[in-house]
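The structure appears right after this line, and notes come after that.
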Amino acid sequence: MLSKMKTTAAAAAVASAFAVPASAELTGDLTIFLDTSNPAPRATMEAMIGRFGEKHPGLNIETTVIDREAYKTQIRNFLTADAPDVATWYAANRMRPYVEAGLFEDVSDLYAEPAMAEGLASTKGALTIDDKQWGVAYTYYQWGVYYRKDIFAELGLSEPTTWEEEKANCGKIVASGRACYTIGTKYLWTAGGWFDYLNMRTNGFDFHMDLAAGKVSWEDDRVKQTFMNWKELIDMGGFIADHQTYSWQEALPFMVKGEAAAYLMGNFAVAPLREAGLTDDQLDFYQFVKINPDVALSEDAPTDTFHIPANAKNKEAAREFLRFATSAEEQTIINNGKNLGQLPVNAGSSVDDDKFLQQGFKMLSTNSTGGVAQFWDRDAPAEMAKVSMEGFQEFMVKPDQLDKILSKLERARGRIYK
Amino acid sequence: MFPKPIEKQSAGAQFAYKSLLPVALLFWLAPLLAVALFSIKPDADFTAGNYWGVPSSFEGFTNYGQVFFNSDMPQYLLNSFMITIPTVIGAVALSSMTGFALGVYKFRSNIWIFFLFVAGNFVPFQILMVPVRDLTLSLGLYDTKAGLVLFHIAFQTGFCTLFMRNFIRALPYELIEAARVEGVSEIRIFWYVVLPLMKPALAALSVLIFTFIWNDYFWAIVLTQGPDSQPVTAGITSFNAQFRAAYHMMSAGSIVAALPPVAMFFLMQKHFIAGLTLGAVK
Amino acid sequence: MTVASDIPETESWFHKNQQKIAPWLFLAPGILFFAVYVIIPIFQSFNLSLYEWDGLGKAEYVGFSNYEQLYWEYVDRDAFFISLKNNVIWLFMYLLAIPAGLFIALFLNQTVRGIRIYKSLFFFPFVISQVVVGLVFSWFYNPSFGLLNTMLDWVNLGPVNVLGDENLVTYGIIIAGLWPQTAYCMILYLTGLNAVDPEQIEAGRLDGAKGVRMLWHIILPQLRPATFIAFVVTIIGALRSFDLVSIMTEGGPFGSSRVLAYYMFEVALSEYGFRMGYGAAIAVVLFMIMMCFIAYFLWSMYREEKGH
């Protein structure tokens, strides 16, 4: 999905002929590469860029939208060969290779500006490597358990808060001939979400991050405990069969048809579930339950980001664009329910009325005291993420192979973190 | 003829054979027929779990209309043509010259150069992947059709040379000798004597290369990205990402993507088979 | 009469030597292209396999450590071992295309009405891109609605999740690959059968040979050239198996359907792959395996050339 949209300077100039130029007049070309290829996000971003263009009529903006999956492999080509001025990407370790290769611009100066320092404090950490900031967040979203309220009602279940309740609920759901959770692990990362939650709930946020950073052995008993908890759900038949052959989208129908009662997913799953015909009376959300009562709750909230490639040609305009995209006002607009339907990164923005966004925002701002993780494949280095998620998938299919899997991951750890 | 001609056998055997043929074919093509069936079904059939039954309504026009008017498919198809046709021309042109050189002239390194082409044609793509990708990037041809075309021409030259050289070897050498005695220059011999005789080989090779290049997937994903330059084999995967779990759309898209080489095959069947039996390697 | 006459010295020199020069002129563009895009890259990959490089920054010379890691992956039965094992399975299983192709060729080698259409339709799968073949077969195997399970259900068997079972997945993909490959071998044999000498068959029939004996002693020896080509293309096809693995499983579940060609791509260029040097080392291994077969083919060709 790649298309070019030229906001011609002429049209914009007419529209804002009487507008007072904001600050110094920006001129030249501004190329923006986006991975927001799904229809709604794409329209949102293009509209935002349109508004930016109106403010800066002297700027010739060219936007290129690339398929989200393809973008992940293509970014290294265009960063080295033909860099745009602004590019979307992901926070944390996922940006590390490019930071270390010197392909992203250091934008610490933006965070030194009072408006940005105040507004973007919450996501600053995810964009920091070596005490410098390498980009800005433009949206994030919560993860959690989306479930069929009608099925819960039919079985007389209520939203669980403890591990015992979770298991008891699941037992009843299985007894009713359904699976508790749908999941499609063909592309592995969905299993990473389960591991994130189980490990953070069992061993806490700091332990989880140490594991991602290679500081803890995979054969540690605490890691094993995480998998033992997971195994309880697997052994009782909690997950749908054959999940290793489905993508996350192919796993949706199980929930829609009522063959599975819940889905541990990011908030982006709400849109397709609604489209498939589930109403808000049938669909609800709860925070992943507490497992170890001594551990503070922490959440996955993946952050999507904008970066300025080091080889960009118009860095001044690019910086202005980053300021614009993260401003309180724009953040409110692009993240509202009609647009991205996610959470704004600026503290001065307001969250949409959508019930899932409201719940998610409340959960992340008040009930995630342990910390906020990005996601397993963004927190762990690429190679470890790949090997370990393969291990998670294997474990979900063959839980008895746990020791073999963990020793494989431990060998990988010895190789990867040098 | 082997096995024993069926017309010399009993009427029962003949009947059995003739009725077995369509049944066998049906089994052989079952996976494809399934896709064809999917591609004319309405979306509702899949949600309702009616996968293999009679379509509840005929939606062929809607589905194929979507493919042609509401996706990047036409662009991908166009790219495929714009990659395949120049490659066919380039590879055939280069290899008729190399084939001529190796087929007609006797010099010491002849067989070694020939073997170099043959061996190169067999190497795994992966050993070329990183360097070719870097080369294409540094030429500024990454994500362009030209970058893909140049590589395909170069790589196909290996196989085409094998093909052309063997064909030219089989031509009557006396014709060339006679022309030389007349004092015709080598270039004219190539152009006026040998090339006209190579027409069947040129046709066979063109059809084959067309199919091979059209169906290439590996280099398409290594050297291109996005609808500006990607051929249909790579495009179908992003098409499928767009219509994930929409089987009727994916089926229709696959059929559209597969059609051109199939049409080529049925139109040029004779040449195609002549080419294959000379030892084509995909 | 050939070259412009205003520079006679050149003409006469060229004229005298043109039989020596002409082949090189004809070869030059082809060799240039081939060298730049095929020959030189092979050496570059060999070189790269001694480096550690993420494709972004500077490459770091690490000697044979990439190969050492491959060795340990082999010893620990990790991804490299699995890929290698699957490549061996591919090699042997894929060869089934040859007898299967021969069988279909014999079946279709009759002269009844419409047989030409049948032959074309049987050949059909070969013309379709492997990407489409892969899609078609992954739906065929789909555990919730695939035709395979629907058919197994009729005879009260199944369900099986072919692409989700680590012991079946490679075979499932190979069967998808055998479909077009069998069609290919079939067409080779059909053409070969056309050239079989009818007198020898008659002589055989008089000697009382029929069925399998006739096939083995009289037909197959005459089909040797077809068998040789079928063998070459099938071996190469087996070692090149990338498209199907990539489309059908991406090497999964949990890496059990990886083959070297896919593993190399995965390590170097996929979403989580940043190890160009390591990928190059895998490619070198694959290249060496392929080279054994290539050497054998060339040797056979060389003998034949000398025989002429």
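In case you wondered, yes, glycine gets a Cβ from its N, Cα and C as well.
According to TrEMBL:
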type     : residues  : note
DOMAIN   : B:77-268  : domain 'ABC transmembrane type-1'
TRANSMEM : B:20-40   : transmembrane segment
TRANSMEM : B:81-104  : transmembrane segment
TRANSMEM : B:111-129 : transmembrane segment
TRANSMEM : B:149-168 : transmembrane segment
TRANSMEM : B:189-214 : transmembrane segment
TRANSMEM : B:245-267 : transmembrane segment
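Counting only same-chain residues 6+ beyond the ends of the transmembrane segment (B:189-214), those with a CB under 8 A from a CB of the stretch are 80, 83-85, 87-88, 91-92, 95-97, 100, 104, 152, 156, 160, 163-164, 167-168, 171, 175-176, 179-180, 231-233, 260-261, 264-265, 268, 271-272, 274-276, 278, 280, 282. Most Cβ pairs under 8 A with the transmembrane segment (B:245-267) among the ranges B:20-40, B:81-104, B:111-129, B:149-168 are made by B:20-40. Most Cβ pairs under 8 A with the transmembrane segment (B:111-129) among the ranges B:20-40, B:81-104, B:149-168 are made by B:149-168. Long-range contacts of the transmembrane segment (B:20-40) within its own chain (CB-CB distance under 8 A, at least 6 residues past either end) are made by residues 52, 55, 58-60, 63-64, 247-248, 250-252, 254-255. Residues 110, 113-114, 117, 145, 148-149, 152-153, 156-157, 160-161, 163-169, 171, 173, 176, 190, 194-195, 198, 202, 205-206, 209-210, 213-214, 231, 260 of the same chain sit 6 or more residues outside the transmembrane segment (B:81-104) yet have a Cβ under 8 Å from a Cβ within it.
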